[in-house]
Amino acid sequence: MRLEPKPAPPLGVTLLFPVAAIAATLLITSLLVLAAGASPFSVFYLVARGAAGTQFAALETLTRATPLIFTGLAVAVAFRAKLWNIGAEAQLYIGGVVTIVLGTGALPLPSFLLIPLIMLAAMAAGALLLLGPAVLKTRFGVDEVVTTLLLNFIVLLFVSMLLEGPLKDPMGLGWPQSQRVVAEAQLPRIIQGKRLHYGFAISLCAAAIVWVIMKKTVLGYEMRAVGHNAEAASFAGIPVNRVLMKTALLSGGLAALAGFSEVSGLKGNLTLDLSPGYGYSGIVVAMLAMLNPLGVVASAIFVAGIFVGADAMSRTAGVPSYIADVMVATALLTMVTAILMSRFRVRWR
Amino acid sequence: MNAPVLRLTGITKRFGPLVANDAISFDLKRGEVVALLGENGAGKTTLMNILFGHYVADEGSVETFGKSLPPGDPRAALDAGIGMVHQHFTLAENMTVLENIALGTQAMWRARLDRGAAARRIRKLSGDFGLAIDPGAVVAALSVGERQRVEILKALYRDARILILDEPTAVLTPAETDALFRTLKLLVAQGLSIIFISHKLHEVMAASDRVLVLRAGRLVGERRTAETSRSELAALMVGQEIAPATVAPAKVGPPLLELTDVSTRAGGGGAALDGVSLTLRGGEITGLAGVSGNGQAALAALIAGTMQPLGGEIAIGGATVKEWSPRRALAAGIARIPEDRHAVGTIGDMSVTENVILERYRSARFSRLGFLDWRAARGFAEEIIADYDVKCPSPEARIRLLSGGNMQKLILGRALDPEPSVILANQPTRGLDVGAVSYVHKKLLEARARGAAILLISEDLEEILALSDRILVMSKGRLSTPSARGERTVRELGELMAGHAEAAA
Amino acid sequence: MEQALEILFTASFWVAAIRIASPLIFATMGELICERAGVLNLGIEGIMTAGAFAGWFTVYAGGDLWTGVLVAALAGAMFGLLHATLTVPLGLSQHVVGIGVTLLASSLTYFIYRLALPEVTSPPKIAPFEPLAIPGLSSIPVIGPALFNQTPLTYLAFATVAVTAWVLYRTPLGLAIRAAGENPAAVEAQGISVTGIRMGAVMVGSALMAVGGAFLTMSAFNSFFFQMINGRGWICIALVVFGSWRPGKALLGAILFAAFDAYQVRLQQLSGGIVPYQVFLMMPYVLSILALVLVARRATYPKALMIPYQKGER
């Protein structure tokens, strides 16, 4: 068997690949549904209805998509430059910590100043957190996959320490949770009385900005060049290590915004279950989008829909909601295979 | 004696629209050395890869000792007695000679590798055929010539009856080449048959009994070595009388790049520079000859800006350089044509447009305030495609999909467009077809006429002789004194390449 | 302070250290085999989760303990096959596929767990492997209990190191595995299938990872929890680097690491709550990063690690 490169297919065909990957995913996971003694059709129908069947469901899906857009963008940016940031989870929590530190009354500022300030500070913290592994990679040749993964555990323990120490809510009845952010530090709801908040709008802006950076700017060009062929990029005079640092800053900052948006827009305080693995799901989101920043929005909504829909489905159909995680992981693997097939043709001799 | 040990019938292999081998048939007899002669890209290596089972032919068949050989199975080829010494060695460097040779020769599920028996056999073979080597040595510590011996031993260890050598002399000094030829004579005397792939006429004349000439994938001629001549073979190989490029006399200008007593660390798997001084003058092509691995890679990296000098000085246009990087080299007007156009010269998964601006995307022409001007970039790509006669579907096509020649033309266009004062051309024609080679030569001569200073690094002595106004030889990280066009004979240059002191040369 | 030192000389400390080391030893050997053949297997964390569940569940469902170990190994090999299919013949990014396999293996495990045990709130227990004292040797002070009064799976872990080292350095198969990680073209030129060697190595390596996971549910503890692998897989990847891809050194690294882990738990009890317990829990991860930084510069990793190979390529 051998792989031969082939010309890039037209855009229309390119868009078929995620569709094919999702179809394959449904086919594979329907075996599990059958194993659970349910009918795949009714289960997938229930998932779809739970994700988008009612206004409540659709808004819930968008709410759930918000952190995924941020982490998906963070991963897309990093993977473009082949900086394997698997630590979006940690960066997300650091963003949440900063939001609590600055947003619980420490700064008596009006909303229009306080919120941007918190956002910047959160981004800076997330950026610095990823800068560490990036420096270890460029200076010492330490694989950033392992360091970012290990940092996830370290940061979660650090957050746990804060929540049982300095950031502990005195009125929290002993639970490891922080105080709530003040009203000025809260992102307003987009529709009164619904959970969807302005974090979603910010995530859309972030996607647009990242798209412009990747497509139109010198930095985006440098990041892509470094990611595709670091040796050639370096030969052509691109400062590879500096580009990787900038990538780390951007990626870490984006992931931290997920934490900010969850705390400030949705939860109001920081707990140890702020993220049910948004950092890891961000990898799937980014891959499903083929690392395209605008595609991230669509794939984040899709992945969020699976999670939200599966929750609703499992209440009625009795199939464990972990089916959502299985679907998402399967989609990641089928998607990378589909991308390969779009670039290479397989010859069997 | 005269039944063929190997018979190829109608071998055809296509890669997309390219026909790499077109209905090739020939026989190989016992105890015979057949040379397979052809330009780069004529299809020699593809043919041998089919024979060895790396590739599967689209049509045709291979027979060894009267039995048909199953296609696409290196194991079957090995079992049939075919041994191959690849142009790029297939050795695991962190392992020992013995381990490399014994790999795959003992039953895979044995509980213990019999090192003793393997060592005895290796010692016997190396004694019999003049291939001195220590079985316990780690390959990384061996010289290139020694590694080639390991490759040959690998084949002999497996009782190869047919030995294929792919460009075996490309990496050898003239003395090592002679030793190799002596070994081949011993092997043939033992009844082995040898296919010897080369594009060097004098070697073919010296070492073979029979010559097959390949051109553009077809077998265009077959001669007994004793009954042919170099000029006849050359004409067959190229398909026309070669008219040596007529070169106008040099109008030598001022020194544009000066290296004074520069030393570096080792680079590119070769030697380090050891106190090298070199002056490149405008309007002159300086040819750098030498066996690969003697410091050419380090010198090229130094001039390209990817390697820092450890000692000594670099001066450009008379001014000493303080800090050195690829960006500074480019800013100083040095154009670079890298040795490896796939891994270093281009970014395969980016478009033609994105590749042509790679060295200049920060200039005002292509970017403003951190934003790229894609329209200007695309215009530039179209310009180069037109000016340099590049065949490509569109500026948006991924550069990976272009042929080697077209890729090299784009690199050439990218490098030469800003009218650089210094040009570093490192193996600029390796692997290109005849047309592309003469195109590259023409462009280099044009730049010379314009007054650029050119350093041509090549392992192809004929290319160096044809183009250079001045020739230097590099050996063990040091440079010989220069010689003007025609001043030293090929033989004298060969002595220098072998590292013999100049007084003795 | 004195108390802190005394810990090091107690038998119970070393017993714990060896027990903590055992799953790491299995998984580290598994990862080492994969990487020696040229494949980085980031599926390790998920494969350990799957192994932990598969072994435990087999016993819970009525199988005997060794059948459980076998089932765990098979489950690991299946995920190894998936990983290898995508990364070896298809040459997909080993980073992305590895993460994907981890996500898939762990979510599939949780799904099956919930499906099989929908009602339970506290995880059911099984009767795990019991320590097996080796007569004579186990009565040597300190060393005896630590090394010779462990469960059979711990002995198996040490045997795995010996077998791995023997196979890699003393057998024709090991030669092929190492060469596939150094220069796959050399392997193919000798008529051996690189794809076959690499896929086989990843499957065997993954089986060992799964047994490492099963150690946790069948020897260290007696039930299966969510998140129970808790980064051990990632730590094993660091241990492989720390051990310079050599079984003996990696074993030493695993024991050192486990000793440190056992030590921090005891220090935690000594510190009396002045230092937050999270600081102690962080230490294994911090230590792994430090170990990587220390050795990364002079590490001579397999030259073809993470580089896919296509037939006929050189």
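Cβ atoms are placed via backbone N, Cα and C, with glycine included.
TrEMBL annotations: computationally assigned, not manually curated.
Sequence annotations record features per position, and here TrEMBL assigns transmembrane segment to C:6-27, C:39-59, C:65-84, C:96-113, C:152-169, C:199-218, C:274-296.
Among C:39-59, C:65-84, C:199-218, C:39-59 has the largest number of CB pairs under 8 A with the transmembrane segment (C:96-113). Contact between the transmembrane segment (C:6-27) and the transmembrane segment (C:199-218) is supported: at least 3 Cβ pairs lie under 8 Å, counting only residues 6 or more apart in sequence. Using a Cβ-Cβ cut-off under 8 Å and counting only residues 6 or more beyond its ends in the same chain, the transmembrane segment (C:65-84) has close neighbours at 30, 39, 41, 43, 46-47, 50-52, 54-59, 97-98, 101, 104-105, 128-129, 153, 198-199, 202-211, 213-214, 218.
Counting residues 6+ beyond its ends, the transmembrane segment (C:274-296) has Cβ neighbours under 8 Å at 231, 234-235, 238-239, 241-242, 244, 253, 257, 260-261, 264-265, 267-268 in the same chain. The transmembrane segment (C:152-169) makes contact with the transmembrane segment (C:199-218), as judged by at least three Cβ pairs under 8 Å among residues 6 or more apart in sequence. Taking Cβ pairs closer than 8 Å, the transmembrane segment (C:39-59) reaches residues 23, 27, 30-31, 65, 67-69, 71-76, 79-80, 83-84, 87-88, 94-95, 97-106, 108-109, 112-113, 116, 126-127, 198, 201-202, 205-206, 209-214, 216-218, 223-224, 228-229, 231-234, 236-237, 305-306 in its own chain, all 6 or more past its ends.
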